[in-house]
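Copied over from Swiss-Prot, here are the features:
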type	residues	note
MOD_RES	THR201	phosphothreonine
REGION	516-538	region 'Disordered'
REGION	578-664	region 'Disordered'
COMPBIAS	578-592	compositional bias 'Basic and acidic residues'
COMPBIAS	600-617	compositional bias 'Low complexity'
COMPBIAS	638-649	compositional bias 'Low complexity'
Amino acid sequence: MSEQKKSSKIIGIDLGTTNSCVSVMEGGQAKVITSSEGTRTTPSIVAFKGNETLVGIPAKRQAVTNPEKTLASTKRFIGRKHSEVESEIKTVPYKVASGSNGDVVFLVDGKQYTPEEIGAQVLIKMKETAEAYLGEPVTEAVITVPAYFNDSQRASTKDAGRIAGLDVKRIIPEPTAAALAYGIDKAGDKKIAVFDLGGGTFDISILEIGDGVFEVLSTNGDTHLGGDDFDEVIIKWMIEEFKKQEGIDLSKDNMALQRLKDAAEKAKIELSGVSSTEINQPFITMDASGPKHLTLTLTRAHFEKLASTLLERTKAPCQKALADAKLSASDIDDVLLVGGMSRMPAVQEVVKSIFGKEPNKGVNPDEVVAIGAAIQGGVLGGEVKDVLLLDVIPLSLGIETLGGVMTPLVERNTTIPTQKKQIFSTAADNQPAVTIVVLQGERPMAKDNKEIGRFDLTDIPPAPRGHPQIEVTFDIDANGILHVSAKDAASGREQKIRIEASSGLKEDEIQRMINDAEKHKEEDKKRREASDARNEADSMIFRAEKAISDYKDNIPESLVKEIEERIEKVRTVLKEEAPVEKIKDASEELSRHMQKIGEAMQSQSASAAASSAANAQGGPNINTEDLKKHSFSTKPPAGNSASSNSNNENIEEADVEIVDKPND
């Protein structure tokens, strides 16, 4: 089997909280790739059902009956400690626990899964979607993250890419990607704001674009605000209304909650286009008096009232972003709306009130981020020329110094990549070591900021307090991921770390997860192969029985008996749930005997041609196409020119090569 050439394309993936999307550059244009289910976006949902792992639409379809094993909105947990996500935990039906180092883990059937592993399953789906379209393996990607993701969340997203078998060439913020998609063909200089309200996060970025240069001036946001929160206010309202009507609390019923979640999302979407919507959930629960039905009417005005606090929370980040960019609202030429929640009329009114202008609705809020990621992939791959992206870090980075103070080395909204150095010293006489505690945030005291890493610089030569010269260097790469080093000038001793963050995965954990992903890939392949073999065997039995029924009067009785025996043999291996090879062998043996029908029929036709009376006596007039239908083989013989069989074999071979090919 020849080894398939890997694609030179760097795909762009928008790994969203609610939905994900994949795009690729083709002929100088970014193209969104349609999934195997025929959709341009895929639900970011992973479910475990028996021995199967379901991703996307199949996972979403069974969520109501399998809520505790269906993992949705897991992006809200990636790169975070369990203690940081208490509000999010209350909104999901699956079990969220604290791992050995305080990380978030999900518990399903007694097994722990990290957010990175679940994200990797969605990324694998995106990767396979691109591979099916391009017809060759894909190994490189640009993945987007919310602009206000901190260092550990970015690093964890990159780790998810590695687990999925992707070399993540760049992590870029979602608003920046949207700006790339918007401005790639625009002439002249513009200052734009990107208002990105997605399923789990809110970002606002201010950019200056012109002559192919995309410079981020500032960014702000709220990683605890998104469409899920808008769903939640509707869910709470439905629970309260139902309790008033029936005296039953649905908040403890996971299956009912999943139905309410689906109903809330549907109502929210409908209210962007209509002024009121009916919510009907028959048989939502039951008590001693019988089944209970939930029937409510929600108006747009009441929904906006329920969500007023959430809408208000989008304003302050916008004002801060403008202030950091040293601009006023009147300086902004255009406001882009990104994320599904930006379709809500009340959100658009908030944007209009902040910036004093109608927002631009010319981009598809669900696809624009993936398109921008593909453009960045094109820039990195040399396919897109004369584009320069200057991004910034969203939060200040520094270290803890004497008195528990946060001393920033890199201020927020600093353009990246960048390197900053600063000299520090010891706090005590003859201090032999220092602990470098790396922080991210805007608060003056260390304890109020997020600790994203720590390491020790040891064997400092004895010296009075304040004498040792310890140079701390912060090096931030284009992905916004931090590398820190500390060097003692006297001894030349140096210590370096890549900030994996206190809630980042260690290298051995990543390797284990990569291996697990490969193992599941193999298991899924075997399950699919078994399913295909059983389906083919069933189909073969049907064809064989139909052929006997149609032609038994025109073929030898001994052949009929042989075929019936082979049919029974195939039935037996199916009933016994025999291994795939046994099923295939039995099917192929039946197929070989079915081909004898064709031979017998051709012989019969030859005899009929010799005597014109044969047709008058009712002998069938058989054509070649009829024979082909009934002599179908699970594997076409060498040299078979039937295009359908030939194509099927080529497809199957390509699939095997893609699945088996080791990740680079």
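Sequential numbering from 1, following the chain as shown.
Glycine is treated like the rest: Cβ placed from N, Cα and C.
For the region 'Disordered' (516-538), DSSP puts the residue distribution at 23 helix, 0 strand, 0 coil. DSSP classifies the residue listed as 'phosphothreonine' as coil under the three-state reduction. Neighbour list (the residue listed as 'phosphothreonine', Cβ cut-off 8 Å, at least 6 residues apart, same chain): THR17, LYS75, ARG76, PRO146, TYR148, PHE149, GLY221, ASP222, THR223, HIS224, LEU225, GLY226.
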